[in-house]
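Working notes, beginning with the structure itself.
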Amino acid sequence: MKNLKTKQFQGLNGSLLLPGDKSISHRSIMVASISRGISRIKNFSNSTDCLSTLNAFLDLGVEIKKYGRDLIVYGSGLDAFKDPKKPLNMGNSGTTTRLLLGLLAGQSFNTCLVGDASLSKRPMYRVTNPITEVGGEFSLTGNGTLPITVIGHPSLKAFDYHLPIASAQVKSALIFSALQADEPSIIFEKEATRNHLEIMLNDFGADIKTNGLCITVMPRPKLSGRTISIPGDISSAAFFMVAASLLPNSCICLKKVGLNPTRIGIISVLKRMNANIEVKKTSNEAEAYGDIIVHSSNLHAVEITSKEIPNVIDELPILTLAASLAKGRTIISGAGELRVKETYRISVVAAELKKLGARIQEKSDGMVIDGCPKLQIPENNLATHGDHRIGMMLAVAALLVDTSKTITLNNPEAIKISYPNFFRDLDYLLNNPDMKG
């Protein structure tokens with residue numbers, strides 16, 4: 001348990017470097033491992049999830065050396081993995097699991113994937129079904145959850161596949177399978193999703209062409225190791241962006257944050273809500289990054305529709321908090337994807353914020369939120385439910401409760417899944433006078 005800070009009238013102030021983007025960190029190890037030669041990865045995320053990816057590839061025989069936030073990966077190509085001879089532990093990482101289902105489908109050995117209790121409740125059919133359709137094979141439990149054994153087939157066939165849902169993880173798994181096919185493959189997206197893997201693979205020498213929602217993957221590319229600098233994680237930045245918007249007297253600068261167009265939906269939505277946000281782009285690399293400056297503001301309600309959901313899917317918990325204190329009624333729809341996160345996030349976010357007096361109506365694919373002037377003191381402890389993003393959202397929410405009483409958060413350790421130093425960085429911004437607004 002952790003006692004949360006409350007009643008913060010001085011706001012957040014200062015500059016902060018965010019940890020490396022979690023989505024890019026996962027993919028950087030995978031791409032570096034299937035390339036030939038040495039890759040240097042700078043600002044790798046130290047989140048528990050990304051360390052699960054690191055450990056999985058060590059178990060697959062890849063030589064990786066870690067120096068603080070940087071990695072050196074000695075890649076040997078797509079066909080150089082070694083049979084681990086034991087189950088690969090995915091921890092709590094759905095990204096590691098789903099992407100490995102695609103990558104290992106084309107190997108010459110079988111691999112069993114296991115995970116913790118939370119991950120072992122999450123369905124994997126949404127990945128195994130499409131990969132099975134294109135030639136992969138899996139041995140699953142009756143309900144499609146971990147443990148799963150990937151039956152390796154080193155002769156995968158090319159495919160054309162229409163994704164039934166907007167999911168970057170399913171798309172990425174299919175791309176990894178397509179790299180091991182005998183001919184070019186085509187993937188059709190339902191909605192555009194984060195494209196970090198496509199950008200990175202092309203940077204390493206792959207031939208992947210995107211035309212609207214159509215992605216063509218050429219097989220068996222000659223990938224060469226290179227250096228990657230991972231920008232700050234915008235999904236982690238979102239918690240500070242909302243906190244600074246809601247807390248009076250705030251002025252923060254979040255430095256070198258990733259500004260990939262498929263990830264900046266959080267900025268667009270907050271600006272529509274009347275947030276005072278300025279973005280200063282400082283890099284024009286394939287994965288652009290820049291500084292995000294946020295001042296306090298009075299937020300207004302908005303509507304968030306299914307077309308926006310893929311680009312704010314990880315930020316919906318903290319956006320729900322923002323909507324709970326915004327003027328008017330916010331409607332979120334088309335967010336059924338939240339059913340397959342660490343928790344059923346729609347229900348859990350609504351339940352936890354209702355403890356604080358938020359006015360939320362739960363819908364099958366979203367929420368209706370009526371803004372209230374202030375949050376209340378909860379009668380019971382707040383709980384992360386093992387979900388890192390809910391934990392960080394509740395830590396921000398506690399700052400907005402006008403009380404000298406203690407608010408306690410159960411299972412704060414879950415936050416380490418994506419942001420081990422979250423509370424340290426939050427304390428820094430709460431106690432830093434160098435940019436008083």
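Note that Cβ sites are derived from N, Cα and C of the backbone, with glycine treated the same way.
The 3-phosphoshikimate binding site annotation in Swiss-Prot covers K22, S23, R27, S167, Q169, D314, K341 and rests on sequence analysis. Marked as phosphoenolpyruvate binding site by Swiss-Prot on the basis of sequence analysis: K22, G94, R122, Q169, R345, R389. For D314, the entry in Swiss-Prot reads active site, proton acceptor, with the evidence type sequence analysis.
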### Task
Starting from the Cβ of Q169 (3-phosphoshikimate binding site), draw a 10 Å sphere and report how many other Cβ atoms land inside it.
23
### Task
Work out how many Å separate Q169 (3-phosphoshikimate binding site) and G94 (phosphoenolpyruvate binding site) at their Cα atoms, rounded off.
9
### Query
Once the chains shown are all counted, how many other Cβ atoms turn up within 10 Å of the Cβ of R345 (phosphoenolpyruvate binding site)?
24
### Task
Taking only the Cα atoms, work out how far R389 (phosphoenolpyruvate binding site) lies from S167 (3-phosphoshikimate binding site), in Å, as a whole number.
18
## Note on the structure
For R27 (3-phosphoshikimate binding site), the closest of the binding-site residues by C-alpha position, picking from G94, R122, R345, is G94
### Query
Do you know offhand how many angstrom separate S167 (3-phosphoshikimate binding site) and G94 (phosphoenolpyruvate binding site) by C-alpha?
12
### Message
Could you check which of the binding-site residues G94, R122, R345 is the closest Cα neighbour of S23 (3-phosphoshikimate binding site)?
### Response
G94
### Task
Determine, to the nearest whole angstrom, how far the Cα atom of R122 (phosphoenolpyruvate binding site) is from the Cα atom of D314 (3-phosphoshikimate binding site).
16
#### Entry: D314 (3-phosphoshikimate binding site) versus R345 (phosphoenolpyruvate binding site) - Cα distance in angstrom
10
### Query
Considering all pairs of residues in K22, G94, R122, Q169, R345, R389, annotated in the record as contacting phosphoenolpyruvate, what is the maximal C-alpha distance expressed in whole angstrom?
19
### Query
Near the Cβ of R122 (phosphoenolpyruvate binding site), how many other Cβ atoms are there if near means within 10 Å?
20
## Note on the structure
One should report the C-alpha separation between D314 (3-phosphoshikimate binding site) and G94 (phosphoenolpyruvate binding site), rounded to whole angstrom, as 13
### Message
For a quick check of packing: other C-beta atoms within 10 Å of the C-beta of S167 (3-phosphoshikimate binding site), how many?
### Response
24
